[in-house]
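TrEMBL annotations:
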type	residues	note
REPEAT	3-36	repeat 'TPR'
REPEAT	37-70	repeat 'TPR'
REPEAT	118-151	repeat 'TPR'
Amino acid sequence: MDGEGLIKKAYEAILNNDFEQAIEWFERAIAMNPDNATFHYKLSITYSRSNKLHKAIHHATQAMKLDPEEDHYIFHLQHLQARQTIRQAEKYFNGSEEQLWMAVALLKQAIMLDSLSWEAYLMLGLAYSRLKEYSQAIQAIRELLKLDPEHEIGRQLLDEYQLKLKQLLRS
């Protein structure tokens, strides 16, 4: 079976919700065609959907190296890197004020990588609120709501942070 036939098998596995089998088919296709950027990209997407972020980033990087002009590969890699950066930021949330500022820096970096990441804006708003930087928390949550106007938690947090800012300004 050629690489394209293996890719078709991978998609059949995906349609059957068997992502592990799909990964195996993609890996076999790549073993036959290691310089095929599209195969690496497709495997990266499947790893990402299976929450195997490290492997997803590896194959997204391979796809981009093999075809650096393909915008889809670049955006996909940046999206994955943003997700990874958000995960790193989460580790700093229960720490000291200094660690919260580290989370803020990481979340800003994630937003630079993927400006459509509502999760990064949400977490940035939460981090700023824990630092009692309500004006910046409000700004982050407003950006979240631009991306997802119906985000219920975002709406609640915006109201909460606006109230806390008013209380802070009164004291």
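Count begins at 1; order follows the chain as displayed.
Keep in mind that glycine also has a Cβ here, set from the backbone N, Cα and C atoms.
Just so you know, TrEMBL annotations never went through curation; they're auto-generated.
Long-range Cβ contacts of the repeat 'TPR' (37-70) within its own chain (Cβ-Cβ under 8 Å, at least 6 residues beyond either end) map to 3, 7, 10, 14, 19-20, 22-23, 26-27, 29-30, 76-77, 80-81, 83-84, 87. Residues of the repeat 'TPR' (118-151) grouped by DSSP class, helix first, strand second and coil last, total 27 helix, 0 strand, 7 coil.
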